[in-house]
Each structure stands twice: as structure tokens, then as C-alpha cells.
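Features reported for this protein in TrEMBL:
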| type | residues | note |
| --- | --- | --- |
| ACT_SITE | Glu313 | active site, proton acceptor |
| ACT_SITE | Tyr400 | active site, proton donor |
| BINDING | His312, His316, Glu335 | Zn(2+) binding site |
| DOMAIN | 476-616 | domain 'Peptidase M1 leukotriene A4 hydrolase/aminopeptidase C-terminal' |
Amino acid sequence: MIDPHSFTDSTHPLTTHVSLTLYFHFPSSTIHATALLTLQTPHTGPLSLDTRSLTIHKILDPATLTPIPFALSSSEHPIKGRLLTVYLDNNSSALILYSTSPSSSALQWLSPPQTFNKTHPFVYTQCHPVHARSVFPCQDTPAARVCYSAKLNLPRELSAVMSARHCDRHDPVGTDLDGMLTNEESGFGFDLKSLWCEEGRVVEEFVMEQPIPPYLFAFAVGELGFREAGPRTRVYSEAVDAVLDAAAREFAGTEEMIRQAERLFGEYDWERFDLLVLPPSFPYGGMENPRMVFLTPTVIKGDASGARMVAHELAHSWTGNLITNKNNEHFWLNEGFTTYAERRIVEAVQGEDIAALNIGNGWRGLNEEMERFKDNMEFTKLKNNQEGVDPDDMYSRVPYEKGFQFLWRIEHQIGRPAFDEFLKKYIATFKFKSIDTETFLDFLKANVHGIEKDIDLQLWTEGTGIPPDAHEPVSNLYIKITSLAKDFKLGRMPREDEVANWTGQEWELYLKNLPRAVEASQVLALDARYRLSESKDYEVKVAFLQLAISSRCRDYYGEVEKTLKEVGRMKYLRPLYSGLVQGPGNEEEKILAKRVFAEARECYHPIAQRTVEAIFAKHV
């Protein structure tokens, strides 16, 4: 096998191109679709594909429209979904007619009341790490890079964006569905051709000509608007002027970040760098879909500091999208490199002090993860064994922050100029390839002679915990903030003149360095002076609410409930729900957590729903 999370067989040819037609039926939260898969070479015998929650109606030879036999496994694997076996006879392509289900793990269908404008529905994808298979049958592993084209048929009042180049918007015509059979033969149980050409529909066409791993396949459909934010950047969201204007202001510096990134890492290879601000239910901070980065609305903070998240997704354009981990066991190759690259971009644009704050917040987060995984230290390794493990369950900051620390350690060893040269060569050598940890280490040793004598590479990549040569950042601002946090333990709150220039990042670092639990009276006094529970910056607000929960300061449970109901980002859901249900003697908190989840569940993305359910399974 290529990948512990995929049925893909290493002896089968890989798919090189997928051509999709997608008919969006909002009343049933379903997509009726065709997928034309093209293989590297003609193949005879079984071909293994990943699916989840898909109904396969028919598979055809696209040249002759004769049926190709197939089998769908009767049982659902809890992580991989259902194996679709297609029996080919010297075929280099296959046309699959299928429908998605409302329970697709990649898709969130929002009814009009769940959107900003409350008038039209909305749907979007989140395919990382293993959810593309619930949108179309595929070899759902990053080892299988594909180009794709897509025709999306939607209600005329809506529009679409994709991780691809937009080519056309036109009235639907029967030839959009080349090769589609008549109703009786198609297997859909209805005539998709006549449905496709109904009044009030429109077709949007897209093409992605660069090979991407399937998890980067993405679309969103809804009542969308946009603002120009730079020569290569538009900001999209639901068509709400206040959201679009705030996003355009927050991300006005994007072009300068792209230019700094090109200086550091080489030319930007994806033409455009557009941004889509999604509804609050989006489960991640950002998703690096090429050409169309998806973002949580919580990154719009009103002070341009949300640009840090954009810097991370931009950095993925080189590390993750151009060079990709071969499977999720090597996820640090995506995220460690991208965290390093993000901080270099931030340093170039916002200065060394801000970069040091980012590193400091990351260092604190890494230490928290060591505590979280103390019962399963395998998850603290950079390269780890994920056989039988759902990658969503072990998602953490370890690959980001330990990966960053490893690369930062190499930079310290050989000096920044030499490391910059190495990085550019690494990116140029492996672009549009999917690699593993061994490939990176071999390249490192070949290009930085003797590095294995100076740094224990095996300890860093395969050892548990934090290596002894990892280290905190050093900057005057960082030291000042952490020492103020130490003073809080002694009962001293920071003076207003000491925090006058603080933004969200300074407060976040301060709060993360406070003791896990303090007196409830201290929590109340801190908030009375600085109103942290009302912060518009969710990083600050959630860090403060975590402190309130761990200190059993119940005055803030109303604010905790409000926060859990207004955002679906897992970075905030996980610590707040965990804080409520962990530990002894907190029956009141457990009752609160269960009630809030029951009331908020439908507004969370399926990935986030499962994450919270896993927390409850462990602690309630």
C-alpha cells in the first residue's frame, strides 16, 4: 500500500486527470455527478479507488459507452470508507456516474438561515486530509497528484469558486454532459440531461492544469461577492458588504507578502492568490487550496493581524502544494516547512519582534501538545505510524511546531544565508512531487555535508517529545511578556502603560504563559481591567475563556456558550469543550458542554462534529 489511509494499490497505475460534471441539488443536499478518470497507462485487472458516502450508479468505457464491471465493498471502513474496485480491460480511462450523500464528510450544506444574508443556501468542501473521496471516487492519497477540469451546474442566482482557474459561466447545454446516457441507461433513476438544462440553472467551468494532491480539490457555491485586494488577489465571501470590506482591509498587504515570499522561495507558480472568507462553521483557520485559499471569518480582526494566517496559507504555495508529503505520516513536511516559511514572511513584512511572538506562541502550543499526548507519545514524533489511526483524530500542532523547531535548528547550525540557498534548491528539485521524510533527509545530507554529525536527525524525526536542542525564541518583547505572566502568579497584574501597545498576539502570549488555573477572583480582576472576554480577537478571547474554565470561574460560562455557538473552528472548539469535560468533580460543566453541543451541532462542519464527539467519548 502507498498510504495507510487509502485503498490505493501501489501496483496500479495512478490517475493523472479527472474531468467532473457536478449538478448541485440543494433541496436534498446532494450532488449528481460524473467523473472521468484518466490513468497514466492502460490497465487490465482491478483498479482500487477510495469512496465514502457515494452511490455508484454505473461505470462506462468513455469511448464506447459500454458498462465496465465494478464492485463496492459491502462494509464501510471507519477511516478509509468503501473500496470501489473497477475491473478494467486494457482501459486507460473510466467514466463513473455517481451521487454524493447528505452525510458526505467533506461537504457542509448550509440552509439559508445558517448564512449571513439568510436568503440563499451555501455549500463548501473541506477535503483535507482524507475527505475528497466523499466528493468523487479517486485514489485519495497525496502520492497521486491529478490535474482536473470541472463543470458545476447550479441555480442561476448563485456562483462558484474553485481551487482552479475560472474559464466560463454559461447557460447549460446538453453537450456539457458528453457521453451521458438516456434516463433508462444512466442508473440515476431520473433524466440528468433534462435536469441539467432546466430553466434557472447556470454552468460554471474551471480547469486546474497543475497536478495537485486530491485533498487540495475545493469548491464553494453560494451568493458570493468579491473585492479587489491586489494585482493577484481578490477577496471573496458571501455577498455582504460589511464582511467584504472588512476582509479587503484586513488583507490589503497580501501582494507585499507574495513579493517577499517570492524573494525567499522562488517564483509563485499558481498565477493567482485569491481568498475566500467562509461562514463561521469552517472548521480550520485556513485551507491552502491553490489559487483560492479558504479562511475562517475569525481571522478578520480589524487590525491586519489576520495577515499571519494568510502568510501561512501563502507559504503553502511552495511547501505543501508544490512539494507535498507522500502520506499523512510525513505531514510535518507540509506543516513544519510552512510554519518556518510563514514566520520568515512575517519577519520580512512585520519585523523580528512579531516573528518572535509567533514562535513563542508556537513553543507554548508545542509544550501543551506534549501534555495532551502523554498517553500516546507516538503522536509526538515528526514521522509517525498512523496505521489504523484517523488523521483527523491526531491532528495537532506537533507537525507544525516541532517541524518548525527542526528546520530552525538546521538554520542555526549552518547560518541563514546557507539555509536560504538550501531551501530554494529543495523547492526547485521537488516541485510538483510528493515525497517522504527519508527523501528529505537524503537531500539534506547530500547538500549540507556533515549535518548528521552536528544534529541528531534520527532523534528529531523519529524520537518522541521535544529534543534537548530545541529552544524558545529570544527577543526583548518576548522576555518582557513572559516575565509579566510570571508576576501574575505573585498577584501582580500588568499596568496599563505596560500593555498600551499590545495587540492580540501579545495578549495571546501573555495568557498562554499564565498558570493553568488561578483564583477565580484573579480572573475577574484581570477581565475587569482589560475586557479580554469581550475581545474581537478569538485567539485572545478563547485563551482567556480557557483560563476561566480551568479556574472554575463560572461567571464566564455564558460567554463560553456564546463562543461555542458562533464559531466552528476546531482550534477553539477543542480546548473549550475539553476544558469543560476533563477532570473530576465537574458534573455541572459536563451537563453544560453536552447541552451546548446538542444545540450547536448542526452548525458545525462534519469534521468538527466528529472531533467534539471524540472528546466526549473519552471524558464524558
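First residue shown is number 1, and so on along the chain.
Every residue gets a Cβ built from N, Cα and C, even glycine.
In TrEMBL, annotation is done automatically, which means it is predicted and not curated.
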Number of Cβ atoms other than its own within 10 Å, given for Tyr400 (active site, proton donor): 24
Other CB atoms within 10 A, centred on His316 (Zn(2+) binding site): 24
Number of other Cβ atoms within 10 Å of the Cβ of His312 (Zn(2+) binding site) across all protein chains: 24
Glu335 (Zn(2+) binding site) CB neighbourhood, other CB atoms within 10 A: 24
Distance [Cα-Cα, Å, rounded] between Glu313 (active site, proton acceptor) and Tyr400 (active site, proton donor): 13
Rounded Cα separation (Å) that holds between the residue listed as 'active site, proton donor' and Glu335 (Zn(2+) binding site): 5
Local confidence of the domain 'Peptidase M1 leukotriene A4 hydrolase/aminopeptidase C-terminal' (476-616) - pLDDT mean: 95
